[in-house]
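Written out below as structure tokens is the structure these notes cover.
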Amino acid sequence: MTKVLPSLLSVDFLNLKDELVKLEEAGVDGLHFDVMDGQFVPNISIGIPILDAVRQQSKLPIDVHLMIENPEQYIELFADHGADLISVHLEATAHIHRAIEQIKNKGKKAGVVINPGTPVSQILPIINTVDYVLIMTVNPGFGGQSFIEDCVDKVLELNTLKNEKQLTFDIEVDGGINAETAEVCVKNGATMLVTGSYFFKQDDYQAVTQKLKG
Ligand code: DX5
Ligand code: ZN
């Protein structure tokens, strides 16, 4: 079953509490939480105080996407403040095994993320150790960007590898996901869909969640 994770980057922060209730009622599978540091990506987003507020209000799994330099320095902090899944960019650290280990040692699900320009072959050395792989379908930093079609080939390549090796990790996609791009991604092996601007534009969160699940 495909999992749907709305990206809180596009939520109405003035109504965060009500929105979190609505998301839980809509049957989404988790909340995607985008952390940007103005270094790894050219934008700054949300951090610990907002995570605390979300954690206090919602029982949904929180999927923290770290778009930051030196992720190793902050993994434990995000784990201690209620993250259930944490992903780090391969491009952001010279020590990806260490970062993944840190996440697992905190008892959280560990993910590795690759940018559109990074080939799937680069994650081969850690493919056996991760709970999920996030294939970015836009260059990270902003919500509302257009889906990069070429990334679909990477989803397929990763899924083929996963099947060959009989592995069970999830394949997550993030960036420009709407009903059409979601369908293409799922057909090619995606099992987790992150959706921000498209999702929060809808009036009926339950209907869009069902639609995305296919
Ligand atoms: C992009 C973020 C995404 C973003 C997706 O840097 O990682 O999670 O919120 O937003 P949409 O769905 O609008 O592309
Ligand atoms: Zn994200």
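Just so you know, glycine gets a Cβ as well, placed from its N, Cα and C.
The substrate site in TrEMBL is built from Ser7, Gly141, Phe142, Gly143, Gly144, Asp174, Gly175, Gly176, Gly196, Ser197 plus one of His65, His89, namely His65. Scoring each of the binding-site residues (Gly141, Gly143, Gly176) by how many neighbouring Cβ atoms lie within 10 Å, the top position goes to Gly176. Neighbours of the substrate site: apart from Ser7, His65, Gly141, Phe142, Gly143, Gly144, Asp174, Gly175, Gly176, Gly196, Ser197, residues of the same chain with C-beta atoms within 8 angstroms of the site's C-beta centroid are Leu9, Ser10, Asp34, Val138, Pro140, Gln145, Val194.
The recorded positions listed here (His32, Asp34, His65, Asp174) include Asp34 as those with a Cα within 10 A of the Cα of Gly141 (substrate binding site).
Nearest in space to His32 (divalent metal cation binding site), taking C-alpha to C-alpha distance over the recorded positions Gly143, Asp174, Gly176, is Asp174.
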